[in-house]
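The annotation transmembrane segment is assigned in TrEMBL to 294-312, 343-365, 371-392. If you look up TrEMBL, you'll see 301-450 marked as domain 'CCAAT-binding factor'.
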Amino acid sequence: MAASSTKREKSKQNQREIFETIKFQTKEIIQSRKNINYIIDIQSNLESEESAVVKASVKALDKIFCHLTSNGSLSEQGPPLETEADKTVREWSRERYQEFQDHAFKLIAAEQISLQEQALLTLMHLLQAEGQHPLQKLPEGKEHMFPLDLLEKLMVHMLNLEREAASVITRFQEFMEYEDVLFHLLRVLGKILKAQSNVDEKFLKNLIHILEHITLHNSPLKEEEKTKLFCSNKKHFKWNYGQAKKYFSTIWQQLLRHPLTPSLYKRVLVILPDKVLPHLEKPLLLTDFLMESYRIGGAVSILALHGVFLLMQNYNLEYPDFYTKLYALLEPGVLFVKYRARFFYLLDLFMTSTHIPEYIAAAFAKRLSRLALIAPANVVILLLHFVGNLMIRHRGLSRLMHHPEDQNDVTDDPYVMNENDLTACKATDSSLWEIKTLQSHVLPEIANTAKFIERDLPKLEWDVKQDLETTLEDLLEKELKRKNPTDDIPINFEKPTKFVCVKHEKLSVYFEL
């Protein structure tokens, strides 16, 4: 035990000595080019088995090479009166710089997340230094050149990461806030996708992770919103939305040619409506992709809904069967899917128009009422408010409250639940007996809500957005906080002080006397 402790102390002491040496050598190199050979010593530490030593060496070399870039020591072309000795040193320094870059790219795939992130930060520092002080000779008449090659290499390594790439890609998002980085990133991603005809799942997963966090703006920033540039200045770079749109469209056209796994399919469909469609040159090119998605069924169809609707609303896509397909999705399974809240939010959006034919509104009201009979308690409130809103928008549906008069039993209901043809399901001949039934629900909250069909409909709609995320726990807590009029009635027996139930059961939390 004592030997093990001594060994650890010795290792820590050795590590501290290495850190001090690295710090000293870095300072010496920056102070004078005569100490440039210290780079070899620091680079040798990159092969260390101790990640702390590797990280310290990367930070030191980051500082050194950014300094050498800024003072012209790494330029492709030396000054006019450069001596042969200076030229040799400059070329040697460029070779060491390239070696360090290559090693930093390897560290992007390191096992330790801290090393991955440090490698990313270092490469971005180098990119910034090269952008501000170009290593290559600039073409005549050009004052600035973004280091596209370095950014492209970085993206290739990040997109091909086999290990968990989420942390390093998330860290890269910090740099996507800079307009010059974002603009050239779009250019580079399109180029990479064009060059790689066959890509695997990990590549697509990493690419989609990056695309999920790209936000384009199509108007000049307000005065109070300062333009953020990473390695350019306002004189050399101006955001060109038209060109950015072309690059962005190329990326998505190339991406959607590749087969996607179900999970990636869903991630793409989530971001398409708000983050992608408004910034494509030709949004209607996504019609086939969205239609195929819509036909798949289940959660994929739910997520494709919004994109299809936007193409119809904003880009004049003709799809006469939209509401028929939407109606077909109203099956019991939709009450339990992961994207339930999103589905009902979109359904409310699609049904907002008062120009929807009454027979369509009646069919939706009837099927939603039928689903309310089997829905979880927290979803019933949402469905009741949804049906109520349909009746407010389409006042003619009020006849469903009592129509038909000769219907004495639920078996007399003419409505055909399994008929997906909106004109043949006979919803307008039916009544909302399901909502009348829910007036006998065990939960007072639901029973009271269902009584809306016996009152005059309000002028303002219910805000269904408030019901989208309601949980069973929310309803339980609300009921338990409700004032019970029998609480103060005198009783002639001793009240219980605890309730025997499964440990950590929700009821045990609320049962207090």
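Cβ coordinates are placed from backbone N, Cα and C, and glycine is handled just like the others.
Model, not experiment: these values are computed from the prediction.
Only residues 6 or more beyond the boundaries of the transmembrane segment (343-365), in the same chain, are considered here, and those with a CB under 8 A from a CB of the stretch are 302, 305-306, 309, 323, 326-327, 329-330, 334, 337, 382, 386-387, 389-391, 393-394, 396-397, 400, 422-423, 425, 427-428, 430, 432, 464-465, 468.
Note on the domain 'CCAAT-binding factor' (301-450): mean pLDDT across this stretch is 88. Sorting the domain 'CCAAT-binding factor' (301-450) by DSSP state (H, G, I as helix; E, B as strand; all else coil) yields 97 helix, 0 strand, 53 coil.
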